[in-house]
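A.B. asks: Here it is, the structure in full.
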Amino acid sequence: MILLDFPLYLMETLKCRGSLCGFVVVFMFLTTVSKGSACHAPSTPQCFETKADEFYICEWSMNTTESDVMFDLYFKKNRFRNIKTTWSKIHRDKLNLFTPVDLWVEAHVGNSSCTSTKKSVILSNTVKYEAPQKMSVSWLKSGLKLQWKAVEQNSALAEVRFRRHDEHRTELWENRTTNTTVESSMYHVIVPNLSKHSAYQVQIRHRSTKAHNPLWSNWSPVVMVPAELEQMPGVTVTTTLINGTRKVMLAWKPMPHAVSVTGVNYTMNNTQSSRGCPCAERTQHFKWNKYTTYISYSAANISVIARNTAGYSPLAIIQVPAVPAADLKSCDKTLLDRKLNKQTCLELYDLQDGDSRSENVITLTGRKKKKERVKIRKTVKDYVRYLYFEHRCNGRKPQTVKMCLFYQKEGVPLREPQDFTPSSETDHSVDLSWKAIPSVDQRGFLTHYSLCRVKISSQEEHKDCQNISASLINHRLENLTPGTKYNISLAGVTRVGEGPRVTITINTQPKKPVNVLWSLLFLFGFFFISTVCTFILKRIKNKIFPPVPIPVIQAFTHCQPESQEMLERKEEVHELTLHKLHPECESLPEDAEETTVFRGKWDDGTDEDTEDERGDSRMSGGSSDECLSTDQALRSSKEGEISNLDQVDNEIAMLIYRTGLVFDVKP
């Protein structure tokens, strides 16, 4: 079509008619084609207003690999020559903006030339925006919000293309077209239905909605959109006390990859710095997932927030309470009425709620002007307890040098002790408990509690009072009278005076008699313990003083019984028969007769064989034999007595045991 239109264009340009003119035009056309056989015609130029300045820009394209291509741009009769690029910038004063003009471009490659098609346009109706620059992104509940600088105050039509960013695979682009909104000279677009947990690559282009012939702008640079920061940093805190200074080490886990594709920055803020104390570290920005800061002994709130190019994480707030000090005392003196140097900072925490992290903090620094210090000093209230801190700057680190409780002015307590109740009443004592007076109602330092008791039944109501430590909340009241009604009252006392009293009434139990059962049990236990002790003492005595052993009888020969009958045989007493001797035997010696009688008495229990022999001798009838036998027996007995004289003496001196009976043998 280009080749067919070109001869007609020449004839119209030359304003010639007839066959001769047509022949000349065809000859010129064929010559041009033969010369430009190596030239590819460029595209029709597009000229538009940029809205940024007073110039129009014309753009076209050409498919060529030649480097020495020159272009001529035609605006009807106006010609702009020797253009080396595929665009040209022309001031609007040189153009006819409000009437139709013909546009085309002619390319020259070496000795060849080629011409684009011609297009008739009204330049004022054609508008093309510049490509969006410096686009910002943020995640909303409804989707991904994109914003960039607005070209004009009117809304524009925007085309957004995006794809999910994945390290392992590349996804295809998706396109969505929507109208923009204008706020504060910024275009805004929301792309819904995107996953907040994924990262995306995004591009955008826009065009005017008011121009008659709007053109799409070029695509913006690719913008990487990270995933949303939904979770706050999980901060762990390690605190170390160092001579009035606290070293606070913060650490947390790194963020996931989808969140940190464009990097994550962190911001740390310390409330001690916002209160103006010297050496307190101010807001810090960093990229690593740990940080160390130094704070004083007073309470502080440390906040950490993560930030990427798509937004902020929730704020992680670490509340660091004041260092607990055991047995805080009242301030003997303060620097409130003195001039402070620039390295000193005073803090007064209102302890009305008993919390040192209260936001009601009064701060005085040496850097404030005198009038400002006086104004702040007047904000200190009477009858209000404050936790007083005195900080100084030591080696660029805040250091607490004093910590105490402070009242600007003291008074008596406003309220009595709470929940004053008795328990465990006996006939002579009762347990009392109560809750301390709230600090907001103490209005001063409690020195002690005053506990009083009064007998109601007594004709003379004598009031007996005693002081109890201010740190106690219970007490055992003793030395009460059994079966008596008492009024017991309690009040808090400060250095100024005594506060209101709380009163309760108790009845002590009557005195009970001693329980008989317990008495019997006690008596039984006493006897049992006495018996056991007696037995133990006897055992100990036998161990210490053993009994004297029975002496051993040397001449005693123990005869083993031949049978059980002999063992069980009882002792028998036999009758002794005395026989008269014959005349022949009367001449026996006197000692022999005594011996015979003695032996009869001694051998009272001799064997029956001996008696049988004597009987046999008497029965023999011979007197001479009987006398002889008797004489021999006497001599034999006498000889035995003489030979065993020593043994007999020993036996007489001892006790002889015989079948359980004891005989006292006399000589």
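Any Cβ shown, glycine's included, is placed from N, Cα and C.
What TrEMBL records for this protein is below:
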type     : residues : note
DOMAIN   : 131-227  : domain 'Fibronectin type-III'
DOMAIN   : 416-513  : domain 'Fibronectin type-III'
TRANSMEM : 516-537  : transmembrane segment
REGION   : 589-648  : region 'Disordered'
COMPBIAS : 605-614  : compositional bias 'Acidic residues'
A.B. asks: So, by DSSP, how many helix, strand and coil residues make up the domain 'Fibronectin type-III' (416-513)?
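C.D. replies: Counting residues by DSSP class gives 4 helix, 53 strand, 41 coil.
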A.B. asks: Using DSSP, break the domain 'Fibronectin type-III' (131-227) down into helix, strand and coil residues and give each count.
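C.D. replies: So the counts come to 0 helix, 51 strand, 46 coil.
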A.B. asks: Take every residue in the domain 'Fibronectin type-III' (416-513), average their pLDDT values, and give the whole-number result.
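C.D. replies: Across the domain 'Fibronectin type-III' (416-513), the average pLDDT comes out at 89.
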